[in-house]
Each structure stands twice: as C-alpha cells, then as structure tokens.
Amino acid sequence: MKKITLSAIALSAIFTISTLTSCGGGESHEAKNETSTEVATETATEKVEVAEVEVDLPGKETFKTSGCVACHEPNRKVVGPALKDISAAYLDNREGLTAFLKGEGEAIVDPAQAAVMAPQIEITKVMEDADRDLIIDYILSIK
Ligand code: HEC
C-alpha cells in the first residue's frame, strides 16, 4: 500500500516535470527524465521519515475527553480495535479515516462490530474539523 502510493507520487512528479520540460530532442530529453526520477524518490523517502517521528500529540487528550478511551487502547484490543491496528489499516489513507469519522465511510477494521462504533461517529461527525483532525493525527501516530 505504502509502495503503491509512493510510486504514484513519484510518477506524478515525473509527469509534471517532464510536461514542464520542453522536448528539445533525443538524448538530452532522456537524461532530464532520469534526474527527475531521483529527485522524486528522495522526496517520497523524506515524507515517510517525518511521519514516523510523530508521538504523543495533543489529540491524545481530545481522544480521552471524547470518551474514545473507554473502548480503544494504543496496543491492545479492548471493546474496539487497538489504535495501532486502526492506524495500520488507514496507513497513507488519512482521507479515508476522516471520511469514516465524519460518517461518510465504511468500517474496514472490524466491520462485524460496526454497530458498536456507530453511536461514536455521531460524536465525531459534529466536532469542529480542527478537533477531529487532532484525533486523526493521534490515531495515525500510533505504530
Ligand atoms: C463503545 C465502545 C467504543 C467507543 C466509546 C469508541 N469506539 Fe471506535 N470502535 C469500536 C468498535 C467495536 C470498533 C470496531 C468496528 C469498526 O471497525 O468500525 C471501532 C472502530 C473504530 C475505528 C476504525 C473504523 C474502521 O474503519 O473500521 C475508528 C477510527 C474508531 N473506532 C475511532 C473512535 C473514536 C475517535 C472514538 C471516540 C470519539 C471511538 N472510536 C469510540 C468501539 C468504540
């Protein structure tokens, strides 16, 4: 999943750069494309490293005050799935997690238990976007 997304970033970067690069002709055009691939790969690697150092974010408190801790713990399934399993399921898919918490998505982690989570979505869907974003940052920071 991560690899597919990174390649997609690399490919779109190459596409943009080669679109911007005028086709001067044969050999020099080929050389420019190779350079673009290297630059795009480096950028993608940096993004992954930044994501991995995020720990103990302010959303931890929002997660607690919103009542989520009654059923979710970082590393262990309680009533709901462990946050690390939710984070893994939504790796590189922040949009999907946002949609779920806004009541616009489907359960992908433990669909058989979706009815237990459903009332909680009533809370997260009416929250300020900024608060929901803090919770999402927190969940995705758990590895
Ligand atoms: C009463 C227990 C309970 C509470 C409280 C609760 N959850 Fe859940 N949650 C569950 C269960 C059970 C699941 C598994 C069903 C599912 O995957 O949707 C789940 C799943 C999830 C998922 C994974 C969704 C998916 O795609 O499958 C997220 C994200 C989540 N909860 C976030 C939250 C947040 C944020 C709160 C606090 C506002 C919260 N939960 C409060 C029980 C709870």
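Even glycines carry a Cβ here, placed using N, Cα and C.
What TrEMBL says about a protein is an automatic prediction, not a curated fact.
The annotation signal peptide is assigned in TrEMBL to 1-23. Among the features that TrEMBL reports, region 'Disordered' is placed at 25-44. Among the features that TrEMBL reports, domain 'Cytochrome c' is placed at 54-143. Residues or ranges marked as heme c binding site by TrEMBL: C68, H72, M117.
Annotated features taken from TrEMBL, shown on the structure.
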residue: C68; record: heme c binding site; contacts (Cβ under 8 Å, 6+ apart): Q120, I135
residue: H72; record: heme c binding site; contacts (Cβ under 8 Å, 6+ apart): F63, V78, V79, G80, P81, A82, L83, I86
residue: M117; record: heme c binding site; contacts (Cβ under 8 Å, 6+ apart): G80, A107
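Within 8 Å of the centroid defined by the CB atoms of C68, H72, M117, the record's heme c site, lie the Cβ atoms of A70, C71, V79, G80, Q120, excluding the listed residues themselves. Across all of the domain 'Cytochrome c' (54-143), the predicted model scores a mean pLDDT of 96. Secondary structure at C68 (heme c binding site), as computed by DSSP, is helix. The DSSP breakdown of the domain 'Cytochrome c' (54-143), given as helix, strand and coil counts, is 53 helix, 2 strand, 35 coil.
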